[in-house]
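Down below is the structure, laid out as structure tokens.
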Amino acid sequence: MSSIGTGYDLSVTTFSPDGRVFQIEYAAKAVDNSGTVVGIKCKDGIVMGVEKLIASKMMLPGSNRRIHSVHRHAGMAVAGLAADGRQIVARAKSEARSYESVYGDAVPVKELSERVASYVHLCTLYWWLRPFGCGVILGGYDRDGPQLYMIEPSGISYRYFGAAIGKGKQAAKTEIEKLNLSEMTCKEGVIEVAKIIYKLHDEAKDKAFELEMSWICEESKREHQKVPDDLLEEAKTAAKTALEEMDAD
């Protein structure tokens with residue numbers, strides 16, 4: 001890619017002759033090298049899961065979180081550079097607080113997504129800035145029900161039934177398309193997301209990983225929370241069993 005973009009990849013404000021902005025493509029590459037992040041919208045809420053690759057065996061479990069609460073009713077899962085992700089999470093929290101202080105009500109998920117996407121896009125407009133090397137999945141529950149958005153390094157934001165980013169995104173999207181999300185509960189969704197992440201993890205090539213999951217549903221009183229430990233362990237067991245059965249076949 002660098003040889004193709006030589007001369008046109010020095011600034012985020014420079015277009016190549018065929019209309020590409022290489023700095024944004026490089027930022028997207030940082031996302032594609034990250035662990036897989038999956039988000040699905042079930043009939044009663046949102047489930048998000050992250051394949052959090054463990055950089056060192058000396059790291060304590062739970063370190064370097066990839067899923068963050070940005071408001072009582074909204075959470076964000078990050079793929080790509082963790083430090084860049086923290087900046088986007090901080091901005092999302094700030095926007096949620098600002099909206100609530102002005103209007104006296106929780107920020108709608110669509111409004112929050114648009115504000116964060118505008119901030120991400122801002123970093124693609126000026127030569128002294130660089131694009132964020134991360135993508136995020138934003139899930140929330142508001143008066144319109146559960147909603148799921150994905151924001152890319154270019155600053156675009158779309159609403160999804162199911163979304164995936166990271167190195168296994170294409171295979172994850174294929175698996176998500178097989179699910180009947182409109183009839184699936186969040187409890188069932190937790191198990192399905194765990195199965196997808198375990199299935200896509202390549203033990204021969206990838207580092208060990210920790211499964212991080214959260215949800216927003218009736219079970220959590222429509223608040224963004226970590227998936228309870230007992231359900232998370234059940235999901236891990238189901239995922240490993242499904243993987244063993246697949247290998248046996």
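In case you wondered, yes, glycine gets a Cβ from its N, Cα and C as well.
Taken from Swiss-Prot as is:
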- S2: N-acetylserine (MOD_RES)
- S214: O-acetylserine (MOD_RES)
- S220: O-acetylserine (MOD_RES)
- K221: ubiquitin cross-link (CROSSLNK)
Rounded inter-Cα distance in Å - S220 (O-acetylserine), S214 (O-acetylserine):
10
Separation of alpha carbons, S214 (O-acetylserine) and K221 (ubiquitin cross-link) (Å):
13
Validating a neighbour-count step here. Other CB atoms within 10 A of the CB of S214 (O-acetylserine): how many?
25
What does DSSP say about K221 (ubiquitin cross-link): helix, strand or coil?
coil
